[in-house]
Amino acid sequence: GLVIDGRTLSIIFQGGLEEKFLTLTKHCHSVLCCRSTPLQKSMVVKLVRRQLKVMTLSIGDGANDVSMIQAADIGIGISGQEGMQAVMASDFAISRFKHLKKLLLVHGHWCYARLAKMVIYFFYKNVSYVNLLFWYQFFCGFSGSTMIDYWQMIFFNLFFTSMPPLLFGVLDRDVSAETLLGLPELYKNGQ
């Protein structure tokens, strides 16, 4: 691991040592930045996003973490003694740091699996609908006449095809929460 303070970060950013800093951090399992300003925190996140081209996650619990949370791809705010500014600026909010494991491993896995299935479902729905219209054009001599009225198309998308997304969103859990917490490597399967 690497622990770096705010004074060292200012030397890195002012001296143009960002590349060497990133090279060093690539060899570490974790990097902690302590006693740094909000601007330095956001600069570290932007540097990692820009140079390494990876997805970033920032976790903060106070107003000094807002710029870091907003600079990251995914921001998690922890509501606590320092106020609600981090929670208001974040994508996800948790009440304690210990809930981060369940948020990432359980709900992250379920959300990833649901989205993957939903993309496949929407492709299937739209391909079947477009095939119906395509074959209709063969029988009407490619005249451009519409087979389905616009209101029927709206009701088709609203009523008949809205039930599977709702069911997937509420009920679909491919693996139980206990299994996901016990085997964190299952998170990598979808990737």
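Each residue, glycine too, has its Cβ placed from N, Cα and C.
Among the features that TrEMBL reports, domain 'P-type ATPase C-terminal' is placed at 87-191. Feature annotation from TrEMBL assigns transmembrane segment to 119-138, 150-171.
Secondary structure of the domain 'P-type ATPase C-terminal' (87-191), assigned with DSSP and counted as helix (H, G, I), strand (E, B) and coil, comes to 77 helix, 3 strand, 25 coil.
Distant neighbours of the transmembrane segment (119-138): 144, 147-148, 156, 161, 164-165, 168; these residues of the same chain sit at least 6 beyond its ends, with a Cβ under 8 Å from one of its Cβ atoms.
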